[in-house]
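Novice: Just passing along the structure, written as structure tokens.
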């Protein structure tokens with residue numbers, strides 16, 4: 001039960017946050033205008049402490065007052081996920097309602113340094129590390145991205161790949177990490193909160209993925225977490241390309257970004273999250289390159305990189321190829337790191353990524369409340 005002081009503190013905070021907003025705005029994206037306290041996950045985050053990101057979010061969601069002391073907000077469906085889990089079972093009839101909308105997904109607040117190798121402490125807050133338990137310990141050997149409070153997108157080869165030792169068990173996902181060698185990450189007084197280590201409840205690899213397929217078709221998987229991730233400045237979801245425009249875009253002549261710790265099944269490169277900008281490569285050109293080693297690149301894959309030393313070497317196996325929306329600057333995941341040349345970063349040999357847009361129907365079919 002909340003103490004009177006706690007309730008007054010929360011309500012006072014909200015009144016300050018929303019007082020500049022227009023009351024009575026309509027809700028978009030399947031959200032409902034309800035009292036803040038009924039938007040359970042968001043209310044719990046506010047009780048844990050306010051942040052600039054949470055302030056901006058609440059300002060954008062405010063839609064009126066129940067009474068003088070009860071502000072109402074357009075509660076995004078993802079913040080009702082915990083409550084819904086007890087009232088529904090099985091496949092969700094409207095899976096897109098589980099996905100965060102553009103007021104929540106793909107947003108980062110740092111002043112980014114373009115061309116840098118090391119990320120800022122709160123850059124790409126959707127990046128995830130996959131923890132594997134081994135007979136003699138544990139370690140992080142793949143990556144992924146948070147796409148919803150209870151879902152991480154990764155590569156199928158990270159959960160059933162031919163290089164994955166049978167004695168390893170994927171057990172947890174870590175969110176909110178920046179430097180794996182320190183307990184608390186701080187840069188010039190800006191400190192992240194504690195990391196979120198969340199057990200994996202269910203592993204969902206694409207049914208048509210074959211670990212022994214050298215072309216690595218259908219190399220995509222989802223991880224359902226045992227509980228909701230708590231969104232903050234260092235943990236938030238990336239957007240998925242749900243629109244037909246983004247699903248079908250070839251992105252030729254564009255640059256995208258790969259980030260991660262350089263962790264794969266066979267190497268562990270960096271303690272600190274790294275990034276690199278890579279050019280999108282014409283698929284026909286990419287297919288011609290890989291035909292020299294008898295590998296087939298299809299329209300369900302996307303190629304990027306091919307610059308000496310600047311490939312997905314800095315990304316993680318199962319991590320993301322990311323780009324920003326030209327309309328709203330939100331970040332989207334367009335590719336999942338699948339395979340590339342050996343040695344990594346060989347000039348003229350781009351990395352190959354699973355095209356997320358080609359698997360949106362599959363992703364949506366697997367999402368449950």
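Yeah, the Cβs are placed from backbone N, Cα and C, and that goes for glycine too.
Swiss-Prot lists these features:
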- 1-24: signal peptide (SIGNAL)
- 26-75: domain 'Clip' (DOMAIN)
- 27-74: disulfide bond (DISULFID)
- 33-63: disulfide bond (DISULFID)
- 39-75: disulfide bond (DISULFID)
- 113-368: domain 'Peptidase S1' (DOMAIN)
- 142-158: disulfide bond (DISULFID)
- 157: active site, charge relay system (ACT_SITE)
- 179: N-linked glycosylation site (CARBOHYD)
- 186-191: disulfide bond (DISULFID)
- 219: active site, charge relay system (ACT_SITE)
- 286-303: disulfide bond (DISULFID)
- 313-344: disulfide bond (DISULFID)
- 317: active site, charge relay system (ACT_SITE)
Novice: Using Cα-Cα distances with a 10 Å cut-off, which of the recorded positions 179, 219, 317 are near residue 186 (disulfide bond)?
Specialist: 179
Novice: I need the most crowded of these disulfide-bonded residues: 75, 142, 186, 191, 286. Count other C-beta atoms within 10 angstroms of each C-beta and give me the top one.
Specialist: 142
Novice: Listing them in sequence order, which of the recorded positions 142, 157, 158, 191 have their Cα within 10 Å of that of residue 317 (active site, charge relay system)?
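Specialist: Close recorded positions: 142, 157, 158.
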Novice: Between the recorded positions 39, 63, 157, 191, 344, which lies closest to residue 303 (disulfide bond), Cα to Cα?
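Specialist: For residue 303 (disulfide bond), the closest Cα among 39, 63, 157, 191, 344 is found at 344.
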Novice: In three-state terms from DSSP, label residue 303 (disulfide bond) for me.
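Specialist: Residue 303 (disulfide bond) sits in a strand per DSSP.
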Novice: Roughly how many angstrom lie between the C-alpha atoms of residue 286 (disulfide bond) and residue 344 (disulfide bond)?
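Specialist: Roughly 16 Å, rounded to the nearest whole number.
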Novice: Would you list, in sequence order, the recorded positions among 63, 74, 75, 179, 219 whose CA lies within 10 Å of the CA of residue 158 (disulfide bond)?
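Specialist: Close recorded positions: 219.
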Novice: I need the least crowded one of these recorded positions (179, 317), counting other C-beta atoms within 10 angstroms of each C-beta.
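Specialist: Counting other Cβ atoms within 10 Å of each of the recorded positions 179, 317 gives the minimum at 179.
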Novice: Reduced to three states, what secondary structure does DSSP give residue 27 (disulfide bond)?
Specialist: coil
Novice: Which ones are near residue 63 (disulfide bond): of the disulfide-bonded residues 27, 39, 74, which have a Cα within 10 Å?
Specialist: 27, 74
Novice: What is the nearest of the recorded positions 74, 142, 219 to residue 179 (N-linked glycosylation site), using the Cα of each?
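Specialist: Of the recorded positions 74, 142, 219, 142 has its Cα closest to that of residue 179 (N-linked glycosylation site).
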Novice: In sequence order, what residues of the same chain, 6+ apart, have a Cβ less than 8 Å from the Cβ of residue 27 (disulfide bond)?
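Specialist: Looking at Cβ-Cβ distances below 8 Å from residue 27 (disulfide bond), excluding near sequence neighbours, one finds 33, 63, 74.
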